[in-house]
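Features reported for this protein in Swiss-Prot:
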BINDING   C27, C63, C97  [4Fe-4S] cluster 1 binding site
BINDING   C172, C176, C179  [4Fe-4S] cluster 2 binding site
DOMAIN    18-134  domain 'MTTase N-terminal'
DOMAIN    158-388  domain 'Radical SAM core'
DOMAIN    391-454  domain 'TRAM'
Amino acid sequence: MMKSSNKSSGSLIRLDKKHIYIQTLGCQMNVHDSEQIAALMEEKGYICTEDANEADLIILNTCSIREKAAQKAKSQLGRYRNLKRKKRNLLIGVGGCLAQQLGDELLTKVPDIDFIFGTHNIHQLPDFISRIEKSRKKIVETTLHPSTPSIGVLALPCNGQVSSFVTIMQGCNNFCSYCIVPYVRGREESRPPEDIIHEIRMLADHGVKEVTLLGQNVNSYARKTSGEMGFAELLREIEKIKGIERMRFTTSHPKDLSEFLITAFSDLSKLCHHIHLPFQSGSDRILALMNRGYTKSDYLAKVERLRTVCPDISITADVIVGFPGESDEDFKETIDMMNQIRFDNLFSFKYSEREGTAAVKMDGKVSEPLKLERLQILQALQEQHTLEKNKAMEGKQEDVLVEGFSKNCRKDLTGRTSTNKIVNFSGCVDLIGDMVSVLIKEAYLHSLRGEMLCEEVVHAN
């Protein structure tokens, strides 16, 4: 959780301060949105808590990209409703994509909610809370304002925090036929480059070593006019910031992956050798129905170019099975593409119908049992590929940015390679924030086990 830039110093906590509990569902953008919410509410005097039972204010930051995520949010609201019945003055707020999508309808379904705010209204939260505290009247605000005030909210990192998210843009103009994002995040809107640079310098001044740039489609950053700075140029400016040692970004759209951006992987020393490049299907027919704007051969050509420019690049992707009209042959083409590319990792999903998208009206719905069967086949294959990729790293020496203690064993440190592989190894707490050299001894499906080479320790500046 991020700290507010105006948080008062000192170790004593005032007993009259209120507590806020934030639960986040969904993507990295939502995670960072929650960090910004925490910063805003800390400035208002709230203290973040990890225990919903002691909260005076609960905010659920929701996702609606798939039905499973939406149902999880609704289920969680039922639990919070029970808390509210025990604690009359508890305020419950709902934000994120499900809030944006349903608005007043969500309030009708769950009347215990006190306020609903959309994806473009985060910066208005302090005002919403003040109004509710005074009047106890419910608020629903999901207007798609210009989003820059919300995505530009600054939050300082916690002590010892090594990596931070930085939102550079919000929204999407692509309207893939299965995707609700353009409807809940709005059209593409980019933050001014000077604001982004200022935020990253601030993070560097507070000890952050790695930034991950966020956007629904970072490749289309500031493309409205030819005179604006593009994404590859932005990366080149961030490269110059003292104290920042690594840059990452997500997510990229294959059709917008330019040669200038591809060559950045060899030109920029701070740009990590990893790209998340959703391919969604290996069938040209399905890609056209999805309105993806590229073909299988287009995608393969970009992968080949990436691997030519940066031979050790790690490539991960998203894929959907069971899209309307997907035949056995279409699915086979997806499997063939996976075997051809051999992704480092893959985020795979069954097609989930989202109201308001073009795919809802398409014929050829695939049954749930068949979707599940295809998903299981695909995931089993990807596990083979992921383990194969990880095993290939055994015996190699990797630079690892130490992020903190391992979740699995508090005696171990954990960090990531440039290729975004998690590495666990023995070491002391003083190494957090340092770039260290680690010999990879053993590979697993989701992580690597290594041994730090003491003579290769390089303390970050």
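Each residue's number is its place along the chain shown, starting with 1.
Placement of Cβ uses the backbone N, Cα and C atoms for every residue, glycine included.
Features as recorded by Swiss-Prot, highlighted on the structure.
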{"residue": "C27", "record": "[4Fe-4S] cluster 1 binding site", "Cβ within 10 Å": "19"}
{"residue": "C63", "record": "[4Fe-4S] cluster 1 binding site", "Cβ within 10 Å": "20"}
{"residue": "C97", "record": "[4Fe-4S] cluster 1 binding site", "Cβ within 10 Å": "28"}
{"residue": "C172", "record": "[4Fe-4S] cluster 2 binding site", "Cβ within 10 Å": "22"}
{"residue": "C176", "record": "[4Fe-4S] cluster 2 binding site", "Cβ within 10 Å": "22"}
{"residue": "C179", "record": "[4Fe-4S] cluster 2 binding site", "Cβ within 10 Å": "21"}
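Excluding the listed site residues C172, C176, C179, the same chain places N174, F175, Y178, I180, V181, P182, Q216 with Cβ atoms within 8 Å of the centre of the [4Fe-4S] cluster 2 site Cβ atoms. C27 ([4Fe-4S] cluster 1 binding site) carries neither a helix nor a strand DSSP state and counts as coil. If you take every residue in the domain 'TRAM' (391-454) and average the pLDDT, you get 95. Taking the mean position of the Cβ atoms of C27, C63, C97 as the [4Fe-4S] cluster 1 site, the remaining residues of that chain whose Cβ falls within 8 Å of it are L25, G26, M29, N30, T62, S64, I65, A69, G96, L98.
The residues of the domain 'TRAM' (391-454), classed with DSSP into helix (H, G, I), strand (E, B) and coil, number 5 helix, 33 strand, 26 coil. On the backbone, the CA of C27 ([4Fe-4S] cluster 1 binding site) and the CA of C176 ([4Fe-4S] cluster 2 binding site) stand 18 Å apart. Across the fold, the C-alpha of C63 ([4Fe-4S] cluster 1 binding site) and the C-alpha of C172 ([4Fe-4S] cluster 2 binding site) stand 16 Å from each other.
DSSP states for the domain 'MTTase N-terminal' (18-134), grouped as helix (H, G, I), strand (E, B) and coil, give 65 helix, 22 strand, 30 coil.
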